[in-house]
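One structure is given here, and the rest of the page talks about it.
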Amino acid sequence: MTQPIFMVGARGAGKTTVGNALARALGYQFTDTDVFMQQTTGLSVADVVAREGWVGFRRRESDALKAVTAPHTVVATGGGAVLAAENRAFMRDAGRVIYLRAPATTLAHRLEEYPLDAQRPTLTGKPINEEMVEVLAAREALYQEVAHHVLDATASPAEIVAAIQRVLQTEPIK
Ligand SMILES: Nc1ncnc2c1ncn2[C@@H]1O[C@H](COP(=O)(O)OP(=O)(O)OP(=O)(O)O)[C@@H](O)[C@H]1O
Ligand SMILES: O=C(O)C1=C[C@@H](O)[C@@H](O)[C@H](O)C1
Ligand SMILES: [Mg+2]
């Protein structure tokens, strides 16, 4: 397989952590749309949102997704990349899409431990647990729709990488 692999899921699901480890295991390149945008603009997510609003950030995110996509590459996407139908169609068409799925409580716990506020400014202004419940309610159907494979993101990163390697050897069922 040479196709790019796209990691999708909410903030804290482990797209960056697991995506990086998966790339190492496969001998693939690793790239992250949030990091790509930070490097190309010199601005954090919070800065871009302050200057251009979420609409501007989402436009840049769609451009970044296309720019980083290449064969033999694991792409960690931003948590909201699935919001645009254009991005969902692009990822399904270009490669394999992996949804790292975890409950809101797990995500909120991880984000509390390691907030990284500049890269993860609040989406709703609400406390993080409430925010993650809301975000998942709004996006779960989109993550499911775009994914070729859904993985349990509460396992350890090593276990998730092994599980992804197994599903990549199967034909996508969706
Ligand atoms: N499977 C896991 N088990 C335990 N902790 C994890 C796991 N995956 C990620 N983490 C931890 O959760 C935090 C968030 O992980 P990570 O940055 O990879 O998430 P993300 O999906 O890339 O989030 P974002 O959308 O904000 O970029 C990190 O502190 C990371 O160490
Ligand atoms: O879930 C989201 O909407 C976001 C997730 C992060 O990866 C960043 O892309 C940004 O903080 C927005
Ligand atoms: Mg990330």
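A Cβ is built for glycine as well, from the same backbone N, Cα and C atoms used for every other residue.
Any TrEMBL annotation is an automated prediction that lacks curation.
Bear in mind that the values here come from a model prediction, so they are computed numbers and not experimental data.
The ATP binding site annotation in TrEMBL covers GLY12, ALA13, GLY14, LYS15, THR16, THR17, ARG120. Neighbour density for THR16 (ATP binding site): within 10 A of its CB lie 19 other CB atoms from the protein chains shown.
In three-state terms derived from DSSP, THR16 (ATP binding site) belongs to a helical segment. Under the heading Mg(2+) binding site, TrEMBL lists THR16, ASP32.
The Cβ neighbour count for ARG58 (substrate binding site), using a 10 Å radius over every protein chain in view, is 19. Following the DSSP three-state reduction, the secondary structure of ARG58 (substrate binding site) is helix. Marked as substrate binding site by TrEMBL: ASP34, ARG58, GLY79, ARG139.
TrEMBL lists 112-126 with the feature region 'LID domain'. For the region 'LID domain' (112-126), the mean pLDDT of the prediction comes to 90.
Filtering GLY12, GLY14, LYS15, THR17, GLY79, ARG139 by Cβ distance to ligand 1 (under 6 A) retains the following binding-site residues: GLY12, GLY14, LYS15, THR17, GLY79.
Cβ neighbours of ARG139 (substrate binding site) (same chain, under 8 Å, six or more residues apart in sequence): ALA10, GLY80, VAL82, LEU83.
Checking the binding-site residues GLY12, LYS15, THR16, THR17 for a CB within less than 6 Å of any atom of ligand 3 leaves LYS15, THR16, listed in sequence order. Proximity of the binding-site residues ALA13, ASP32, ASP34, ARG58, GLY79, ARG120 to ligand 2, judged by a Cβ distance under 6 angstroms to any of its atoms, singles out ASP34, GLY79, ARG120 in sequence order.
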